[in-house]
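What follows is one structure encoded as structure tokens, with my remarks underneath.
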Amino acid sequence: MEIKTLEFKDEKLYLIDQRKLPNSFEIFVCENYTDVDFAIKDMVVRGAPAIGASGAYGVVLGAKEYKHLDKKDFLEKMKEVSNTLNKSRPTAVNLMWGIKRMENIIEENKELSPVEIYEKLKEEGNNIAKEDVKINKAMGEYGNTLVPEKATILTHCNAGALATVEYGTALGVIRSAFYSGKDIFVYVDETRPRLQGAKLTSWELVKENIPCKLISDSVAATLIRDGKIDLIVVGADRIATNGDTANKIGTFMLSVVAKTYNIPFYIAAPISTIDFNIETGKEIVIEERDDEEVTHIQGVRIAPEEIEAYNPAFDVTPNENITAIITEKGIINPPFKENILKLRS
Ligand SMILES: CSC[C@H]1O[C@H](OP(=O)(O)O)[C@H](O)[C@@H]1O
């Protein structure tokens, strides 16, 4: 069962509207790059690789809109398009990585006409999407080597097919273990406040009959303490060259408990999530989102009007809490800095 999170066809970008899952399956259609900017900001589409591919297709839609201009005006407008999309969400480096790949295409083909550049950009957007699926399946296979024949796995947020073009990163490891015949069981953190675990990971796993249970975030520590969890695997939004990793808020806390009880704690992420320009997690910008995400659930107020909320969307797990980083090129073990820098192409 394939979940195609996004698809570019008929000169439009089609996105599963993840704000509506699991109660309704709806498609959000992006006709222009500002639609993509909105879709990323409002988390119609979310998850580092998925917003990387969507941002790239946003550049394609910008080129569609401006390809009638003369070259000079076209190139100027395309800079505006990249700048707008780059600012849609600050933490997941895949967004900037996807847009940079499109900027490189424009630079490499700047002698061509705007219409010809548009065609090249469409090709590159499709390359990014196709590559992502292959990357996730390769990552899943490497990650599966770390999963015992019988294992109870805990995961946080959604690092599944819905966070990528298809198949997922952390859930890609879980899928690979399940489809290879291993006897696995998954505990799914609901993941306050946006509830990606409850709404999205649960939806993915039950659709494929992967044995699982949903827990509130605060249950995880007791399960870990009581020896009920064999390993933890989560996604990532930005990895520093020393291995410090930004991921959904609550990940850091999980890593502390995992370390305390000596449970393997894995990050599953493509190489495109590594930011080779930063040395430590201290340099990662953490997105802060609206108070309403904390004070409301499904639009219903759950806290008094007088109270404000603090709503960081991510936190940073220090590399010393991470057992290994699973990538499409293999498993990165400590010393992370030495082994990550070897991957810089
Ligand atoms: C495979 S990357 C998934 C990563 O992205 C999620 O954040 P968000 O839902 O806010 O885009 C979360 O950090 C996941 O681990």
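Yeah, the Cβs are placed from backbone N, Cα and C, and that goes for glycine too.
Residues or ranges marked as active site, proton donor by TrEMBL: D237. The substrate binding site annotation in TrEMBL covers R46, G47, A48, R89, Q196, N247, K248. The site 'Transition state stabilizer' annotation in TrEMBL covers C157.
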Apart from the site residues R46, G47, A48, R89, Q196, N247, K248, the 8 Å Cβ neighbourhood of the substrate centroid comprises I51, A92, C157, N158, A159, A163, G235, D237, A313, F314
CA pair R89 (substrate binding site) / D237 (active site, proton donor), Å rounded to integer, equals 11
For ligand 1, the recorded positions of R89, C157, Q196, N247, K248 whose CB is under 6 Å from one of its atoms are C157, Q196, N247, K248
Cα-Cα, C157 (site 'Transition state stabilizer') versus R46 (substrate binding site), nearest Å, comes out at 11
What DSSP gives for Q196 (substrate binding site), in three states, is helix
Cβ atoms other than its own within 10 Å of the Cβ of G47 (substrate binding site), all chains, total 30
CB contacts under 8 angstroms to Q196 (substrate binding site), restricted to the same chain and 6+ apart in sequence, sorted by sequence, are R46, C157, N158, K248
Among R46, G47, A48, R89, Q196, N247, K248, which the record lists as binding substrate, the farthest-apart pair of C-alpha atoms sits at a distance in angstrom of 17
As a whole number of Å, the Cα atom of N247 (substrate binding site) is distant from the Cα atom of the residue listed as 'active site, proton donor' by 5
Fewest neighbouring Cβ atoms within 10 Å among the binding-site residues R89, K248 goes to R89
